Amino acid sequence: MALKRTMLLLLLTLQWTLRQVKGQDSQVTCPFRAECILPCSFPPSIEEIIHWHFGLNTDQTVHTYYHKKDQFKFQIPRYSGRTSLFSSQIPRGNASLLLRNVTWEDQGRYQCYISTKQASQESFVVLTVKDEIPRVNISVKDHELMCSSTQTDPNPQLSWTTDPPSDMNAKTVISPESSGLFSVKSTLDFNKKQDTIYTCTIRSEGLEIRATLKQTVKSLQQDLILTCTDKEVINSSLTWTFNDDIILTYDNRTSHQKVSDQWRDHFSKRSLHNLNRTGTYVCSRQTSVHRMDYVLFRVEEPLTESPSEVHSGVKWSILAVLIILIIIIIIIISITVLVRRLKKSKADNRATRTSNNGTNLEMSPLHREPEKTLS
């Protein structure tokens, strides 16, 4: 009996060890009282059964799903009303858990267990809760693009990517702060006319925060409308600036909106219209605690031809007309010469025929028969 217990204990220990070796735990960091997504994926199949558990022994049920619906009767009380899955994405293999109103007690290790008709699997996520998540800021000055963040953990890693891909020569500086945390700043050359999307990503201690900048050039016209996004995002915030001055702030969570007095007549549903100023308009939108989206609009005067350009255009037009006239004259002269040559050729042929006929007439008596004399 003791031998069986020992063998069973060894078997369980081996299973646990294999789980740990099979793959590293995912690390997720979320701010206190915010929403948090614990990632979990699997090969799409049918008859999905999903269990989320919490704790070292994964003995606390956080969320259960089977028969194509949530089974809240197994959930422990402290998670009641705070969890949900992305139901429409489960058939595509997404079993991620959305955890709302994160507390300090939620810190720890979570197990995602999935069983389908084809196979079963498990993965683990370690959640860390922080007082505040640092924000990534992107700013543009002259021909320089800067990405920065403060209050980051030690050894932050900053990287740039572009779409389409391009060569970048970024300069990154990490500096200690008085609080014991760190600030990071990175700059690179910025092409104002190039249609490129820039993404700055900062990673530190299991935390990943990201900012994306998309730029576009617009011509100042009466019907010009600048729109930051075509869809609403839950729990997002939005800010409009003009040449670095804040002209609108909006919080989707509270529906609170604040607009600068001089810009009040230029906003409609958080889009800009009836613009009469050229410059740089930037819409920054925080779509989650880990992501910032920036849209930069460079509004310029409509393209008009300068006097020198007009004079140059007239000069080239006159030159083109002269060239066409010269070509027409050459064609007319060529046709005239050709016609004259044809006429001369016909005249020469006619004269030649006439000369030949005269020669024949002169020679004809020599060949006449002698006249007969009457006897």
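The backbone N, Cα and C atoms fix where each Cβ goes, glycine too.
Please treat TrEMBL annotations as automatic predictions, because they have not gone through curation.
For 148-164 (among others), the entry in TrEMBL reads compositional bias 'Polar residues'. When Cβ-Cβ distances below 8 Å are used as the criterion, the compositional bias 'Polar residues' (148-164) is approached by residues 132, 134-137, 139, 170, 172, 174, 177, 179, 181-186, 188, 196-205, 207, 209 of the same chain, each at least six residues removed from its ends.
Residues or ranges marked as compositional bias 'Polar residues' in TrEMBL: 352-362 (among others).
The compositional bias 'Basic and acidic residues' annotation in TrEMBL covers 365-375.
The domain 'Ig-like' annotation in TrEMBL covers 22-128 (among others). As a whole-number mean, the pLDDT of the domain 'Ig-like' (22-128) in this prediction is 92.
Feature annotation from TrEMBL assigns domain 'Ig-like' to 145-214 (among others).
TrEMBL lists 148-167 (among others) with the feature region 'Disordered'.
Per TrEMBL, the feature region 'Disordered' maps to 346-375 (among others).
Summarising the annotation, TrEMBL assigns signal peptide to 1-23.
Per TrEMBL, transmembrane segment is recorded for 316-339.
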Helix, strand and coil totals (DSSP H, G, I; E, B; other) for the domain 'Ig-like' (22-128): 16 helix, 49 strand, 42 coil
